[in-house]
Amino acid sequence: MTENNDIKMVIITGMSGAGKTVALQSFEDLGYFCVDNLPPMLLPKFIELMADSKGKMNKVALGVDLRGREFFEHLWGALDDLSERTWIIPHILFLDAKDSTLVTRYKETRRSHPLAPTGLPLKGIEIERSLLTDMKARANIVLDTSDLKPKELREKIVHLFSTETEQAFRVNVMSFGFKYGIPIDADLVFDVRFLPNPYYIPHMKPLTGLDEEVSSYVLKFNETHKFLEKLTDLITFMLPHYKREGKSQLVIAIGCTGGQHRSVTLTEYLGKHLKPEYSVHVSHRDVEKRKGH
C-alpha cells in the first residue's frame with residue numbers, strides 16, 4: 001500500500017461501563033467503519049480484510065473485548081504485527097472511570113458486570129482493572145469518563161480524532177410528496193400544502209419546482225414570502241444548537257402533496273439560503289414521479 005492508502009485504526013478498549021458504546025457511535029458519525037466486540041484473535045484476519053478493501057476501509061474503529069487472560073496473548077501479537085505494517089496508523093483509546101462511577105452506572109442500567117455476573121459489580125471491576133493494567137499503559141490516549149455525559153464524551157472524541165472536514169456539520173434539505181410517505185430519516189418536517197398549487201394550472205402540471213416558471217409562481221405569493229422568512233429564521237436559529245448537541249448532520253424535509261412543485265421550489269430556496277454558512281446537500285425524492293398530486 002502507498003501512503004495515500006494509509007489506514008487509520010482506533011482500537012477502543014477499557015473498563016466495562018466507561019462508555020465504549022458511545023465512543024463507537026461517535027466514530028461511526030465520523031465516517032469510521034466500526035466493529036464491536038472483535039475478539040483479539042480475529043484481528044490479524046481483519047487486517048487482511050482491510051488490506052484487500054482497496055481503500056474502502058481507510059478509517060476503522062474496533063471495540064475490543066478483553067474479558068479473559070488468553071485474549072491478551074492474541075492481542076499483543078496482533079499489535080506487534082500492526083507496528084510492522086507501515087500503511088496502518090494504529091491508536092489505542094482506553095476508556096476509564098472511577099470505581100464508584102462504574103458501580104453507579106451498573107446500578108442505573110440494572111446490568112451485571114461481565115466479570116461478576118452473579119456477584120457484586122465492585123469485585124468484577126477490581127478483576128477487570130487488574131487485567132487491563134498493561135493495556136492502559138500501552139494506550140495512546142486514556143480518557144476518564146467519570147464526569148462526562150455521553151454528549152461530552154462524543155465532543156471529546158470528535159475533537160481528538162476528526163479532521164476539520166469531518167467536523168463540518170452537514171445539512172440535507174429534501175423535498176417530498178406526502179402521498180408517497182414522510183421520509184423516515186427526516187429530523188424536521190415542514191408541510192407546505194397550504195400554499196397555492198401550480199399543479200392546477202394546466203401548462204405547469206408536467207413541470208416541477210426546478211423550472212423557473214413554477215418557482216416564480218410559487219414565490220410570488222405573500223404567504224410564501226412570510227413562510228420563508230419565518231422558516232429561515234427558525235432554521236438559522238436551530239442549526240447551531242443541533243451542532244452543539246453533537247449531531248453530525250440534520251435532515252430537513254419539506255413536503256407538498258406530490259413532491260413536484262411547491263416543496264421543490266422551497267427546498268431549492270432554503271438550500272441556497274443555508275449554503276454560505278453550512279455544508280448543504282439538496283435533493284428531491286419524488287420529483288420524477290409523474291402521477292399527479
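Note that Cβ sites are derived from N, Cα and C of the backbone, with glycine treated the same way.
Per Swiss-Prot, the features are:
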{"type": "BINDING", "residues": "Gly14, Met15, Ser16, Gly17, Ala18, Gly19, Lys20, Thr21", "note": "ATP binding site"}
{"type": "BINDING", "residues": "Asp65, Leu66, Arg67, Gly68", "note": "GTP binding site"}
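Taking the features listed in Swiss-Prot, we show where each one sits on the structure.
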residue : record           : Cβ neighbours (10 Å)
Gly14   : ATP binding site : 27
Met15   : ATP binding site : 22
Ser16   : ATP binding site : 22
Gly17   : ATP binding site : 25
Ala18   : ATP binding site : 25
Gly19   : ATP binding site : 24
Lys20   : ATP binding site : 21
Thr21   : ATP binding site : 13
Asp65   : GTP binding site : 16
Thr21 (ATP binding site): secondary structure state under DSSP, collapsed to three categories: helix
DSSP three-state assignment for Gly14 (ATP binding site): strand
Rounded to the nearest Å - Cα separation of Met15 (ATP binding site) and Asp65 (GTP binding site): 10
Any further residue of that chain within 8 Å (Cβ to the Cβ centroid of Gly14, Met15, Ser16, Gly17, Ala18, Gly19, Lys20, Thr21) of the recorded ATP site: Ala23, Leu95, Ala97, Thr145
Length of the line joining the Cα atoms of Gly14 (ATP binding site) and Asp65 (GTP binding site), in Å: 9
Secondary-structure category, per DSSP, in which Asp65 (GTP binding site) falls: coil
Length of the line joining the Cα atoms of Thr21 (ATP binding site) and Asp65 (GTP binding site), in Å: 12
Asp65 (GTP binding site): nearby binding-site residues from Ser16, Gly17, Ala18, Gly19, Cα cut-off 10 Å: Ser16
